[in-house]
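Only one structure is covered here, and it is reproduced in the block below.
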Amino acid sequence: MSGDHPARTSPVIVITGTPGTGKSTHAQLLAQESPVPLRHINVGDIVKDKALHEGYDDEWQSYVVDEDKLLDELEPLASAGGVILDWHTCEIYPERWVDLVIVLRCDHTRLWNRLEKRGYPLNKIQENNQAEIMETVLDEARSSYAQEIVIELKSESTEDLEENVSRIVQWITTWRKDRGEET
Ligand SMILES: Nc1ncnc2c1ncn2[C@@H]1O[C@H](COP(=O)(O)OP(=O)(O)O)[C@@H](O)[C@H]1O
């Protein structure tokens with residue numbers, strides 16, 4: 001079943017969403033404000049830095065991930081708990097790893113502007129924009145994990161960011177209390 005890992009006293013929080021929705025921004029602030037130490041893992045960076053891939057796809061300007069290698073790399077971190085997994089996809093993690101899945105959402109015009117500023121090529125902007133409109137990541141999260149641990153949050157303004165992070169901080173406190181841990 002999802003989430004229950006007796007050895008863990010700190011949760012594994014997945015922050016996912018279409019590129020540009022604000023995953024890294026949320027993960028950084030959450031790592032700062034969390035009542036327990038949380039390590040922010042930018043999964044895309046690990047794939048690149050540790051070469052957990054089968055090469056680079058020039059057309060899409062992204063790495064073709066070697067999922068087995070990636071899961072081997074993440075397993076000890078997830079088992080210990082106290083991590084934020086920041087990536088634009090979430091279905092590869094085993095259910096037993098994951099305590100909470102945050103799916104960030106953003107209005108598509110705003111998202112387009114964010115990706116344009118990032119210098120993405122047009123095909124990549126279009127693909128991501130379409131994915132956001134079609135709720136691809138949300139569907140993926142809902143079909144991979146128990147409904148009650150998947151939370152969809154709007155990420156369009158600084159107010160959204162601050163409110164979302166304080167909601168997650170409250171969730172962490174409750175999660176720990178439920179396990180007899182004080183924060
Ligand atoms: N809630 C938000 N309000 C305002 N700007 C945001 C918000 N979330 C993200 N941004 C901005 O959008 C851009 C992409 O954010 P980032 O966290 O890198 O997205 P991701 O990690 O999902 O690709 C950054 O310039 C960031 O400052």
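Indices start at 1 and increase along the chain as displayed.
Cβ coordinates are placed from backbone N, Cα and C, and glycine is handled just like the others.
Remember, TrEMBL labels are computer predictions, not curated facts.
Annotated ATP binding in TrEMBL involves GLY20, GLY22, LYS23, SER24, THR25 plus, out of the candidates ARG39, ARG96, ARG118, ARG142, the residue ARG118.
Annotated by TrEMBL as region 'LID', the relevant range among 106-116, 117-127, 150-160 is 117-127. For the region 'NMPbind' (42-65), the list of distant contacts is 24, 27, 73-74, 85-88, 120-121, 123-124, 127: same-chain residues at least six beyond its ends, Cβ to Cβ under 8 Å. Taken over all pairs of the listed ATP-binding residues (GLY20, GLY22, LYS23, SER24, THR25, ARG118), the Cα spread reaches a maximum of 14 Å, rounded to the nearest whole number. Contact annotation for binding-site residues (GLY20, GLY22, THR25, ARG118) versus ligand 1: GLY20, GLY22, THR25, each with CB under 6 Å from a ligand atom.
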